[in-house]
Structure formats: C-alpha cells, structure tokens
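**Student:** Copied straight from TrEMBL:
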DOMAIN    19-504  domain 'Major facilitator superfamily (MFS) profile'
TRANSMEM  55-78  transmembrane segment
TRANSMEM  90-113  transmembrane segment
TRANSMEM  119-139  transmembrane segment
TRANSMEM  151-172  transmembrane segment
TRANSMEM  192-214  transmembrane segment
TRANSMEM  291-309  transmembrane segment
TRANSMEM  415-433  transmembrane segment
TRANSMEM  480-499  transmembrane segment
C-alpha cells in the first residue's frame, strides 16, 4: 500500500522547457493587454468627445497608464496571496481579470467605462511578480538561470509586437473591412471590440493550457516525495559528501496524521543561524524573518530606476523620429538650435524601424544574453550594463546632426546599443532580486513588490517624458527629455556600490524526515528511524556552497 501520493518525477538537473513555455503563454497576457490599446487610444478619446482635441493626447495617456498604475497598487498583494494559496491559482485569476478588462474596454460606450476597464485589468493582474517567483522555483541549477530569466523580457517583446498589431489592424473593422463587417454588425456598434475579443481569445487558450499542464511550484505545496526525487537530490559544490538522509526516501511527517502512523506534532521546518566559526545559534522566531531587507530594497530600487528610463525611451523614440526637422540646423557647427526638432520620418518609416527594433531585441534576448551571462557572470554583467545605460540616451539627439544618407545607420546603431544594454539588464536584475531574498518563502512577496515598483515607474515615465519633450519643443532644445533620462540612468549607475551581491546570513535548514525502505516494486514501508538533515548554505566568491550533515 502506498502511504504517499506520487507524481511524475521531474529531473531537477533538466531545464524545465515545457513549464517555462506554459509560463510564457500566461506572461504574454500583460504586454498584450497593456499595448493593444496603443494604436487606437487617441482615436477612442476623440470619439468619446471627452475634451478638446488638444487635450486628447493627455487623456489617451491616462487611459494607457491606468493599467500600470492599478497594477502597481495591487502587485504586492497578489504576491503575498500566492505565498498563501499557491502560485497557479493566482496566475489563472490574473488571466481571467485581464480578459474581463479587455471585454469592458471593447464594450465601452464612453471614456470613463473604458478607463474603468483598464483599471480593472491592472487591479486583477498580478502575474508578473508571481511568474518571476515561479521561474525562480522551477530553476534548480544556477547555470540555467540566464536562459530561464531571459524568457521574461523575450515574451514581453513578443507581447508588445502582438498587442499593437492586433489593436491597429482590427480596430474599427466596419470601416476598414466593410465587406466582412456590415454596418449592422455588432463590431460597427462597438468599433474597438474586435481587437479586444481576439486578445481575450488568446488569453483563454493560455488559461486552458495553464490549468491542465502547469505545475504548482510553491515549495510548501508540492506532492510528497518519491524515490526519483531523492535519488536526484544533489548539492552544488558540496564541502562534504552528502550521505544518509539524501540516500533514502523520506516520508512526509508534516501532516497531523500520516497513513498508519500515529498523529505527529512537530514543526515542518526550522531555520537555525550559524556563525562563520561553525557555532550554531537557534533562531527563536524563524517565522518572523524579515522579507524586505536592505539588499532587497536596493535591488528593487534599481529595477524601478531601470524601468523608468527604459519606458521613457520607448515613449520618446517614435515622437522623436516623426518630429519635424529644424529648418536652421547647422551641419558643420553646434548651437542650441542644432538640436531642435526630430528626424521628420513618416509613420510607415517609423513602423519599419520599430519592427527591426523588435527583431534586434529578440536576437539579443535569445542568443546574446545567455552567452554573455555565462561568460562574465551575472553580477559583473549587471555592473557593465548599468554603467553603460546613460550612453544609450545621451547619443540619440545627435542623430539630428547626421547627413540624411547616414540617418538610418545612426538610428540602428542607437537601437543596437540601447537593446544590448536594456535587454541584458532586466533579467539580470530579476536574478539578483531572487538571490537577495532572505528565504524562498518570501519570494512571492518580494517579487510582488518588484512588480509593483516597476508598474509604478512605468505609470509616471511616459507623462513626465512627454511633458519634458513638449517643453523642449517650446525652447527649441529637444534633447531636454533625452538627457533627463540620461540623468536618471546615471543615478542608477551611481547606485552600483550599494548593490552588493547578497550572500545573506548563513542559514541552516533542519528538515525532519523518516527513512522508508523500498522493495523492488517501489512500495513504501514504515520505518522506525528518523533522520535529521542539516543543510548549511553560504556563498564564497560568488559560488554557493552547501554542507549537508546527518544527525
């Protein structure tokens, strides 16, 4: 008779490609929901006659940023909830919330209903922090982290391509495709319903796949162990060989009643602090470990700074490319008026440039990031890209000084520099936030805080950048907005001395497990031997060392 539930074993040394693919399907929900409204937001505001045409861009910006603002207010709550009820339920609820938001916007008959729909989507979508936590819990080997964390920005880029494409192509179908959508059709009555329905359909597919195939990753909500789980248990760079407790399957004694055993009353997990000398100090309040430490705050702040200036780049670039060239530009000299205006490109030219920009970003995410992370290491590479961030913003205004035949070369050079630095920085920061967590049990809360911080910075970035660009137009000095972002990126670079790699306190996790004998048929039998396994973790020169002792 089996005394425990078994599950299909997953080799911890194997890269969890299937699970990460399922997470990617869910992750794409946020950028699609956030960006699908971009192409028609201005037209939608004009149609509702909210204010004068001159104020339409402002209200369009409010409509766009409402999602991120609401997400920032609730991200930490969803992360904490996932620590209590599990990652998977929260993830699926976030997808349902996004679908609700899309449908409300699609059926909106006035601006305020559409705004409420956007806010609803942000309130109910805390997926970004939860997904970051799940990636960290799926990855057991440090060498897999660069590839795994590169998936998140990769999927974001894919979503930012899919969302605007759907929104722009399928908005107002009765006008653009009159033969397929007659005036009496529901999509003529609700001109922005079709793109939202299509996006909702994509999310429904993600929900179905996630419900049936996605595994719960919360450490405290895993099925009981099997022989394969324990046979594959290994310590990274152990100081001493792992013996005893790691060689025998463990019975789960964390429940109050376990099969034919009598009731067991004991702590499921206990954490001890250990001094460098080896002296063990019992933690009197292990359940009160502080989740938000100084190290966590510094890395989350670094993520917020990065998110802010990265969003300003995405907002300013299309405006700068389409802004008219200054008539009195000096070719062979410099003056304040030399930087007036933009490049005067058409909308079609900007669309082509942004498409190539997406391709550059995808190549860097999929190929260059894993190679550079393995070559230089996570922390060193983070320092390099953080120091280089200001350059990406500082050089853009100089494109106005280039001869016409060199403009496109200059544009793609700027995009390559920006993508190389920006695409690498995001997954590196996610990895370091995970490493700075004082305990795996706090990952949901910490990643929720990081998600809220990023959403808050995205919310304020576009309005501030737009305001500065408008001021730059008035004073005939458009670099004002770009160099303001340069200053913010420089502040991020100055934060480097405070971004110490988190070795954390050395913790010893004491797990209680009952050794069970297995016959050839892998049937479980009761054992009267109880083992205590002590894992002493520390980090020396960037390498995690684990000392396992049997008591």
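Glycine too: its Cβ is placed from the backbone N, Cα and C atoms.
Curation plays no part in TrEMBL annotations; they are all automatic predictions.
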**Student:** For the transmembrane segment (192-214) against the transmembrane segment (90-113), do we get 3 or more Cβ-Cβ pairs below 8 Å once near-sequence pairs (under 6 apart) are dropped?
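**Tutor:** With 3 or more qualifying Cβ pairs, these stretches touch.
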**Student:** Find the average pLDDT over the domain 'Major facilitator superfamily (MFS) profile' (19-504) in the predicted model and report it.
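**Tutor:** 76, rounded to a whole number.
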**Student:** Mind checking which residues reach the transmembrane segment (119-139)? Cβ under 8 Å, same chain, six or more beyond either end.
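**Tutor:** For the transmembrane segment (119-139), the nonlocal Cβ contacts are 16, 19-20, 23, 26-27, 29-30, 33, 66-79, 81-82, 87, 90-91, 93-98, 100-102, 104, 145, 148-149, 151-152, 217-219, 430, 433-434, 440, 443-444, 447-452, 454-455.
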